[in-house]
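S.K.: Attaching a single structure in structure tokens format; questions to follow.
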Amino acid sequence: MPLFVLSKPITLHFLTQLRSKNTDQITFRKTLVRLGRIIGYEILNMLDYNIIEVETPLGVKAKGVYIYDLENIVIISILRAATPLVEGLLKALPTARLGVIAASRKETQVNLGYPKEMEVEIFYNKIPEINIKDNVIIADPMIATASTMLKALNIIKDKKPKRIFIVSIIISEYGLKRILESYPDVNIITVSIDPELDNRGYILPGLGDAGDRAFG
């Protein structure tokens with residue numbers, strides 16, 4: 001299972017803005033867009049390509065790269081928090097088809113002091129046709145207990161895409177562990193792996209509720 005933690009200064013700079021309680025709503029939303037764009041370019045480097053030859057305006061032939069997988073991308077947005085993140089992904093991957101998944105959830109308190117299990121119901125999904133050539137990106141800025149993501153993965157896996165990318169800004173150690181146990185072959189891209197969950201299921205140190213901070 002490829003795990004990519006984007007711990008470069010630019011991504012950590014934007015992560016720090018998101019974590020700060022002093023960051024206003026507009027800046028928070030725009031920062032999610034910026035990180036989405038950066039992550040989108042990282043995904044481009046992981047797609048399949050061919051070496052081709054082109055002719056320049058000076059009549060000289062030059063070898064280059066054609067990323068043919070650009071035509072086979074589906075982005076799934078976990079509503080509503082992923083909306084700005086997906087906006088950024090689309091700036092890097094403008095030909096992607098777009099789908100959405102919306103879920104309601106109820107925390108179930110168990111041991112260890114935080115919601116270890118969660119009842120999740122997918123009450124809406126609109127997903128374009130997916131085939132064996134497609135690269136599917138599932139975007140959710142915060143993955144805490146991973147119950148929603150596991151439900152989404154269950155839907156997407158049945159469609160047998162070429163590969164699946166999970167895109168987040170922060171994922172908890174516990175959420176990461178749950179995903180790896182059930183879907184060890186997915187690609188996970190994140191900016192930070194945070195160590196804890198509180199008794200409400202919030203990631204610590206985290207950044208609060210991404211949807212509320214982005215949209216009010």
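Cβ coordinates are placed from backbone N, Cα and C, and glycine is handled just like the others.
Per Swiss-Prot, GTP binding site is recorded for LYS30, THR31, LEU32, VAL33, ARG34, and the stated evidence type is sequence analysis. According to Swiss-Prot, the 5-phospho-alpha-D-ribose 1-diphosphate binding site annotation covers ARG80, ARG105, ASP140, PRO141, MET142, ILE143, ALA144, THR145, ALA146, SER147, THR148, ASP209. As annotated by Swiss-Prot, uracil binding site applies to ILE203, GLY208, ASP209, ALA210, with the evidence given as sequence analysis.
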S.K.: Roughly how many angstrom lie between the C-alpha atoms of ALA146 (5-phospho-alpha-D-ribose 1-diphosphate binding site) and THR31 (GTP binding site)?
M.R.: 23
S.K.: Please identify, from the binding-site residues VAL33, MET142, ILE203, ALA210, the residue with the sparsest Cβ neighbourhood, meaning fewest other Cβ atoms within 10 angstroms.
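M.R.: Looking at the binding-site residues VAL33, MET142, ILE203, ALA210, the Cβ with the fewest others within 10 Å is that of VAL33.
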S.K.: Taking every protein chain in this structure into account, which of the binding-site residues ASP140, ASP209 has the most other Cβ atoms within 10 Å of its Cβ?
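M.R.: Result of the Cβ crowding comparison: ASP140.
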S.K.: As a test of the contact definition, list every same-chain residue at least 6 positions from LEU32 (GTP binding site) whose Cβ is closer than 8 Å to its Cβ.
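M.R.: LEU18, PRO84, LEU85, GLU87, GLY88, PRO141, ILE169, ALA210, ALA214 - these are the non-local Cβ neighbours of LEU32 (GTP binding site), listed in sequence order.
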S.K.: I need the CA-to-CA distance for THR148 (5-phospho-alpha-D-ribose 1-diphosphate binding site) versus ILE203 (uracil binding site), whole Å please.
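M.R.: Rounded to a whole number, the Cα-Cα distance is 15 Å.
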S.K.: Closest of the binding-site residues to ARG80 (5-phospho-alpha-D-ribose 1-diphosphate binding site), Cα to Cα, picking from THR31, ILE203, GLY208, ASP209?
M.R.: ASP209
S.K.: Note the Cβ centroid of LYS30, THR31, LEU32, VAL33, ARG34, the recorded GTP site, then list each other residue of that chain whose Cβ lies within 8 Å of it, in sequence.
M.R.: PHE14, THR27, PHE28, ARG29, LEU35, GLY36, PRO84, GLY88
S.K.: Relative to the mean position of the Cβ atoms of ILE203, GLY208, ASP209, ALA210, the recorded uracil site, which additional same-chain residues have Cβ within 8 Å?
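M.R.: Filtered neighbour residues, in order: ALA81, MET142, TYR202, GLY206, LEU207, GLY211, ASP212, ARG213.
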S.K.: Which state, by DSSP, holds ILE203 (uracil binding site): helix, strand or coil?
M.R.: strand
S.K.: Rank the binding-site residues LYS30, ARG34, ARG80 by how many other Cβ atoms lie within 10 Å of each Cβ and give me the one with the fewest.
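M.R.: Ranked by other Cβ atoms within 10 Å, the binding-site residues LYS30, ARG34, ARG80 bottom out at ARG80.
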